[in-house]
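Peer 1: Sharing a structure, written as structure tokens. Questions coming.
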Amino acid sequence: MEICWGPYSHLISLLLILLFHSEAACRPSGKRPCKMQAFRIWDTNQKTFYLRNNQLIAGYLQGPNIKLEEKIDMVPIDLHSVFLGIHGGKLCLSCAKSGDDIKLQLEEVNITDLSKNKEEDKRFTFIRSEKGPTTSFESAACPGWFLCTTLEADRPVSLTNTPEEPLIVTKFYFQEDQ
């Protein structure tokens, strides 16, 4: 499958496959089709995500509770932008604005129906930034707001505009689910 078009397409394709193997199925131009992939995700304090009362929670799951772990479904839009969801892409993470209040929501939307080119879908778009082995996710609709957890376990996954605050975790590990 050719990833890019143009005189340097083979070099760019090779670099993308080597550097971004999980996103190699998507053309960098943002044109579809991009395949959805499921990932295990955990914060730098080893908290995983699970669903409680229709809210995404970060906590330490052990024993029989391990089966509650939510996998994050990701659809690459372009080299750094992604849509994120859970439950097979049927519940999508979005950035909701209400006055000065900005919060993370789960919306019943099929992740594969979203489009980078639709303004109304911008709230579902997250900019993925890698720094070493960790990744952060910034809302495209609310620049400066990052997906986060708190140091305390069993608290909601949310958004913050103070990513350097000591009680907030904005860096995540993730690996493709087998």
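Glycine too: its Cβ is placed from the backbone N, Cα and C atoms.
According to Swiss-Prot, the record shows the following:
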DISULFID  Cys92-Cys142  disulfide bond
CARBOHYD  Asn110  N-linked glycosylation site
SIGNAL    1-26  signal peptide
Peer 1: Can you see whether DSSP assigns Cys142 (disulfide bond) to helix, strand or coil?
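Peer 2: In three-state terms, Cys142 (disulfide bond) counts as coil.
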Peer 1: Select the most exposed residue of Cys92, Cys142, where exposure means the fewest other Cβ atoms within 10 Å, treating these as the disulfide-bonded residues.
Peer 2: Cys142
Peer 1: Give the sequence-ordered list of residues that share a chain with Asn110 (N-linked glycosylation site), lie 6 or more positions from it, and have CB atoms under 8 Å from its CB.
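Peer 2: The list for Asn110 (N-linked glycosylation site) reads Gly89, Lys90, given in order along the sequence.
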